[in-house]
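**Student:** One structure, as structure tokens, below. Some questions next.
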């Protein structure tokens, strides 16, 4: 039987995934199509078309064809209500497709075992159509209530209703009376339809979007200069329809007596302009001494190195030479680290001004509807076994309940493993959000992660004034406990369900075999053990028992709209809506939630997290196209519900159009109070990042970052001019610009963004850069326009008029999601610039640093946003082995950056000098480990040999050492002051710098060199040695000891230095003329090494309070005994006495 395919309703759609082979062979691409069907338990597809319900339902295999229908009177573009009905169908469908396959939309009867109650959720239960032979759902409004066009309340779906109107003379199938109205819109008058501006006739959806940027400019011209003025207001003009709110004076226009001159209303002239952000400078009493000390220490280090070179130790030239080389490198490394810290800054935002400008009634926005731009939030996960679904679900719930306009938010969950467990966990989270999100809005809950909120140690009733808060909290807590149990039981539930369906399939196959062969011997039938969804169909992703086209590296692309886009206007709840709690006068809408699992096939390089992020960039551009993107790891949740508003203050402020991203600091939970391994990393996040904020901006650290979408597309920032020497550059700007861009290296080239509305974005090479999706390319200028700051001040350049983003969103349709399926296919990035210049950059395990570097290299700036209340919080490994492997991955990425074309030495002239030094330090710091490990062995070598790095401990050496040490301590104190961290945190960072430098960094250098030179990749495996057995201890993982080869160098350093101290003491005591100065010098530096390695040694001891003290004592005794035995066996020549008087037995 044939199934009707929905022809794309857009005029510009890219190649379907099923036509990829034809496109590669040079044939013209066909428009993508999507088929609504239901997959039966036998594997066949049953059409969902109403035209086929009366014939051969499910009797033959699925056949697909595309219906091309001309625009006849019966085939006109859908009205807004019809579009919303189709959107309801789309949001209840699981879209699959990919390479050389058809894009199918599998209608889901249910997504999870429990019942979905929220009308936005996929699989939400509705009344069934009462027409015989039809299994469709009754038309419903945005609250989920049935729409019944007849007074007899006969339940009828939309398709049957239209058939009755067209072919049944408008007679109700229930009461046999004619419908009072035969207009679908009039039949739905009881529905509160969304206010929509009537689109101009003959204008497509994308043309309507683009018309926002091409509105009439005559009324926006300055009367004197004729230049474009974004600060003026839009007016209605004859012959065109404007998409703004006009100011209507009595005469219809503001005039000053001349035809072409317009006068601003007095409200605009008298209204003071207020910035959204301000820069807070570090007090001069702290910063000036800090800079002075840096200069003093640099000068002292210079003189010290000169003195060291000029005064060699002739008795141990080898020892002196190694120490001088190491000290030269340490000086160079310290300068690279310190120079970018010369200009630290703090910043502050004003959320009241943001609300006043974008969400308060004004002349351009009389209704006070939000004029903020949209944000697409990306959450990435890959393995539900390593990343618990409950953690990811809590992150999703914190996003859905964030304090940002609901209609402007869209959340995309990337499941790179394609696991049904993650899919159903997200569906459960969407179901629980029906209770949790309104509860947060009603009582202003913080934080909005339910796991964190219900485990808070502080009083939950503080500042709560509503009488029903205690009752609501108790009920929501009970619902959350049940939610956790459902999430935890999902693995068993999926396994039991799959086993039951598998047994049924085996019985069915055996029965068919008996019917076919009769009394003949029956062979054992092997049926593939599939993973089954809640509606009784095969899961198209990864199966628990991997099979062909159903494994982690081989499965189709999947998109499921878990929560369809909300209505454009607030939807106030009632006492019945919540069920558990009273939601009267509470907005019950939920943001859009989409599950995405990109297609994976053998033979393709999927580029890990960077590839998954780029797939989300393309899919979101087609489905929601938010001009800003916030990416979060699955274990990083929104701790401050207004964090996105704070980030938007920077993007929407004057000059914000030149910001590529706003980076938030990473804050962590579950870390031991002493922070043994510097997991909080506050020196970096509160020190280095604040300092970089005073330059060109902080580096991108992988999560908690708000991106400008067009910056990810590889565009230059607006008003950026290529730098070229010579006076002629001003005269031949455009020609010079073209030549410079064309002749620059590929990694430095970028697309030009129009500097004004008269200059269009350069999209001539878009298919070669972005791929063959026309819809994706058409979305780029829309995202650029919507991401502009508000043109409410003459100094704001490249702004947009107020009120431009108050329009209703476009509705989802089948062709939109089908296009999204095609752009997440494994073949889409072939022969494009994705991963090279566009999106997240490939080729490094630290794709985050490289991606941020490319943006800064094009001239973009970034901003560091430190909020009073932490914006985001996540988890960090507190186990020593896990921490070392985390640092190993970072260091390996830095080595890869150093040996790639992303080395800061090759940066363009658009990057500032100090910013370049900071990026250079990112690539160089792992190499310090080579010199550091040599320097850690020098004290032991000195004690073993009886020599020291200098000839004698004279006054000059001691004075230099004292000044260098004192200046370092004073710099630490001042840095602690302006960074706002604790001195203990600074010391922990110093300790782990040596621990990581002698272990993970050294391994990263060798691993990077082997990869670059020989192309060999080494992976460090770890095995469990012992573990904690106390499940009630919050920090039980801290004491878990897992052996790894990374531990060998630090252990060797500790043991060698301990033995060397014992040997040094013995040697000095045995000497006829003891050299106490050399002993003290060696022992001092050995204790310096051991003090830094103390957390490492403590981590090897396992659980605290068991054996650490006795182990240290025995280690010391054994080292001393071994040393004394060695000296006794081989005493110094000419001496057999201890101290000259004691005879060794």
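Even glycines carry a Cβ here, placed using N, Cα and C.
Pulled from TrEMBL, these are the listed features:
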type     : residues                : note
ACT_SITE : 416                     : active site
ACT_SITE : 848                     : active site
BINDING  : 380, 386, 387, 416, 608 : UDP-alpha-D-glucose binding site
BINDING  : 609, 633                : Mn(2+) binding site
COMPBIAS : 1-20                    : compositional bias 'Polar residues'
REGION   : 1-37                    : region 'Disordered'
TRANSMEM : 284-305                 : transmembrane segment
TRANSMEM : 317-336                 : transmembrane segment
TRANSMEM : 918-941                 : transmembrane segment
TRANSMEM : 953-974                 : transmembrane segment
TRANSMEM : 1051-1073               : transmembrane segment
TRANSMEM : 1079-1097               : transmembrane segment
TRANSMEM : 1109-1129               : transmembrane segment
**Student:** Which ones, of the recorded positions 416, 633, 848, have a Cα no more than 10 Å from the Cα of residue 608 (UDP-alpha-D-glucose binding site)?
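**Tutor:** Near residue 608 (UDP-alpha-D-glucose binding site) by Cα: 416.
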**Student:** Which one is closest to residue 633 (Mn(2+) binding site) in space, judged by CA to CA distance, out of the recorded positions 380, 386, 416, 848?
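**Tutor:** Of the recorded positions 380, 386, 416, 848, 380 has its Cα closest to that of residue 633 (Mn(2+) binding site).
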**Student:** Which are the residues of the chain, 380, 386, 387, 416, 608 excluded, whose CB is within 8 A of where the CB atoms of the UDP-alpha-D-glucose site average out, their centroid?
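**Tutor:** Residues close to the UDP-alpha-D-glucose site, other than 380, 386, 387, 416, 608: 381, 382, 383, 417, 609, 612, 634.
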**Student:** With an 8 Å cut-off on Cβ pairs and a sequence gap of 6 or more, do the transmembrane segment (1079-1097) and the transmembrane segment (284-305) reach 3 or more such pairs?
**Tutor:** no
**Student:** Give me the Cα-Cα distance between residue 416 (active site) and residue 387 (UDP-alpha-D-glucose binding site), rounded to a whole Å.
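**Tutor:** About 12 Å separate the Cα atoms of these two residues.
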**Student:** Give the number of CB atoms, excluding that of residue 387 (UDP-alpha-D-glucose binding site) itself, located within 10 Å of its CB.
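**Tutor:** Neighbour count, Cβ to Cβ under the 10 Å cut-off: 17.
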**Student:** Would you count the other C-beta atoms found within 10 angstroms of the C-beta of residue 609 (Mn(2+) binding site) for me?
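**Tutor:** By my count, 19.
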**Student:** Taking Cα atoms as reference points, rank the recorded positions 380, 386, 387, 848 by distance from residue 609 (Mn(2+) binding site) and give the first.
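**Tutor:** Of all the candidates listed, 380 is nearest in space.
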**Student:** Of 380, 386, 387, which is closest to residue 848 (active site) if I measure between C-alpha atoms? They're all binding-site residues.
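**Tutor:** Closest by Cα distance to residue 848 (active site) among the binding-site residues 380, 386, 387: 380.
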**Student:** In Å, how large is the greatest distance between any two Cα atoms among 380, 386, 387, 416, 608, the listed binders of UDP-alpha-D-glucose?
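**Tutor:** So the maximum pairwise Cα distance among the UDP-alpha-D-glucose binders is 15 Å.
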**Student:** Taking residues 6+ outside the transmembrane segment (918-941), which of them lie with a CB under 8 Å of any CB in it?
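**Tutor:** For the transmembrane segment (918-941), the sequence-distant neighbours (Cβ-Cβ under 8 Å, at least 6 residues beyond its ends) are 319, 322-323, 325-326, 329-330, 333, 336-337, 340, 688, 692, 695, 699, 849, 853, 856, 891-892, 894-895, 897-898, 902-905, 907, 911, 949, 994, 997-998, 1001-1002, 1004-1005, 1008, 1049, 1053, 1056-1057, 1059-1060, 1082-1086, 1088-1089.
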**Student:** List the residues of the same chain that sit at least 6 positions away from residue 380 (UDP-alpha-D-glucose binding site) in sequence and have their Cβ under 8 Å from its Cβ, in sequence order, or write 'none'.
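**Tutor:** The answer is 414, 416, 609, 612, 613, 616, 631, 632, 633, 634.
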**Student:** Note down the number of other Cβ atoms within 10 Å of the Cβ of residue 608 (UDP-alpha-D-glucose binding site), including every protein chain shown.
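**Tutor:** Summing over all protein chains shown, residue 608 (UDP-alpha-D-glucose binding site) has 15 other Cβ atoms within 10 Å.
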